Amino acid sequence: MAADKIDTIVSLSKRRGFVFPCSEIYGGQRAAWDYGPLGVELKENLKRQWWRYMVTSREDVVGLDSSVILAPEVWVASGHVATFTDPLTECTSCHKRFRADHLEEAYEEKKGHAPENGLADLNCPNCGNKGTFTEPKQFSGLLSTHLGPTQDSGSVAYLRPETAQGIFTNFAQVQTTSRRKPPFGIAQMGKSFRNEITPGNFIFRTREFEQMEMEFFVKPGEDEKWQEYWMEQRWNWYTGLGLREENMRWYEHPAEKLSHYSKRTADIEYRFSFGGSEWGELEGVANRTDYDLSSHAKASGQDLSYYDQEAQERWTPYVIEPAAGVGRAMLAFLLDAYIEDEAPNAKGKLEKRTVLRLDPRLSPVKVAVLPLSRNPELSPKAKGLAQALRQNWNIEFDDAGAIGRRYRRQDEIGTPFCVTVDFDTLDDNAVTVRERDTMKQERVSLDQIEGYLASRLVGC
């Protein structure tokens, strides 16, 4: 995968309405992005597929939507106030700030070994000078705010850095009201916030992001087999939606780099091919043990254990957590789907064609309805067909420009099918359906078109 592919995706995203720079009319906000008409559809399709796979297609997982701002005591008990920090270093030459661990990891990935003298061996990625980094200091990743009319220590609150803690604090209520018993899971999607030192790489690392997390509660001693199970499930979800396995790998966190709550964490990494780093974390599957439930039980004085009626014993569940970022998943699917091939134009000459070979379940637009030309007879018929199909799918109507150019526009945004209403339609009540990847065309009767598309858009 070429290193400049990210730049191509950034350009395509802005030009076609997937992702825009935030507050661009004011010069932009660093590492903040707004999702345009196509981007929000792709993002919602991703979330819908995750929810269907992780929640509604299973009997052992239920959903939750907890608050973004939790009681500050939650973050003290969870360990985030004390330990949710990153090592911050500054280049004394250009005064750019970086995460020290990211600099060392990039060096190790490139050289195959850690720097012998730490930061002293590293060149600044910004100015190129060597040995100019300050001694790292711990920098809090929590974003804080104040609630109420006064701004003092008693009004401090935190924007959640993960959705997980809202699940843990609601564990007992969800378990009781849903009448579930371990092993079972609680899933949640929502916005989280982290005061990143070095956000960047488009939508990969941002201070405001959306998560898809599930906490799966199991009996202690059964946690390791369940972690293996969820690692396989999460890998299969990505490949099932089209990610190629040659662009994916597992990364096991070494013991010294595990989070404060983790017994074991394995990341699915994707070949993003960022400048200076080929691989990046796509999703983590962590064994959080009973750390969170035990910590909150101790701090709150509430019982968060589970009484096992069959074994007649009480225990605190261990937790397996698959945690994914919506933005990272979207970026991976865009990169993997993007191809350039050749297709004949109206004169039969081969021209470059840009295609997003997205799985139809993810495609922002499922079907484009295209009248062959702007015509008082064709346009109303095409608009009527588009409106009828909108009852089932997201449909785009386009009658501007040559038909070949309109096909290319749809290929570029990943639309799986184009339906052309032509002059023959007025006589035979049939339309031409063009498939995106093969460009094959098939004549389909109007009274069968809905069933034809439905059989090819299963799960959409």
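Think of each number as a place in line: the chain as shown, counted from 1.
Backbone N, Cα and C atoms are what each Cβ position is placed from, and that goes for glycine too.
Feature annotations, courtesy of Swiss-Prot:
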- ARG99, GLU162, PHE209, GLU210, GLN211, MET212, GLU213, GLU321, PRO322, ALA323, ALA324, GLY325: substrate binding site (BINDING)
- 194-196, 204-209, 281-282, 325-328: ATP binding site (BINDING)
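Within 10 Å of ALA324 (substrate binding site), as judged by C-alpha distances, the binding-site residues found are LEU282; the full candidate list was ARG194, GLU196, ARG205, ARG207, LEU282. Among the binding-site residues ARG99, GLU213, PRO322, the residue whose Cα lies closest in space to that of ARG194 (ATP binding site) is ARG99. Set side by side, the binding-site residues ARG99, ARG194, ARG205, ARG207, ARG328 differ in how many other CB atoms lie within 10 angstroms of their CB, and the most is found at ARG328. According to DSSP, ARG205 (ATP binding site) sits within a strand segment. Under DSSP, ARG328 (ATP binding site) is assigned to a helix (H, G or I) in the three-state scheme. Around the Cβ of LEU282 (ATP binding site), the same chain contributes TYR238, MET248, ASP267, ILE268, GLU269, TYR270, ALA324, GLY325, ARG328, ALA329, ALA332, each under 8 angstroms and 6 or more positions distant in sequence. Per the record's binding annotation for substrate, residues ARG99, GLU162, PHE209, GLU210, GLN211, MET212, GLU213, GLU321, PRO322, ALA323, ALA324, GLY325 show a top Cα-Cα distance of 25 Å. Packing around ALA324 (substrate binding site) is summarised by its Cβ count: 25 other Cβ atoms lie within 10 angstroms of its Cβ, all protein chains included. Counted over every protein chain shown, other Cβ atoms within 10 Å are most numerous around GLU213 among the binding-site residues GLU196, GLU213. GLU196 (ATP binding site) carries neither a helix nor a strand DSSP state and counts as coil. Distances between the Cα of GLN211 (substrate binding site) and those of the binding-site residues GLU196, ARG205, VAL326 are shortest for VAL326. Secondary structure at ARG99 (substrate binding site), as computed by DSSP, is strand. Rounded to a whole number, the C-alpha distance linking GLU196 (ATP binding site) with PHE209 (substrate binding site) is 11 angstrom.
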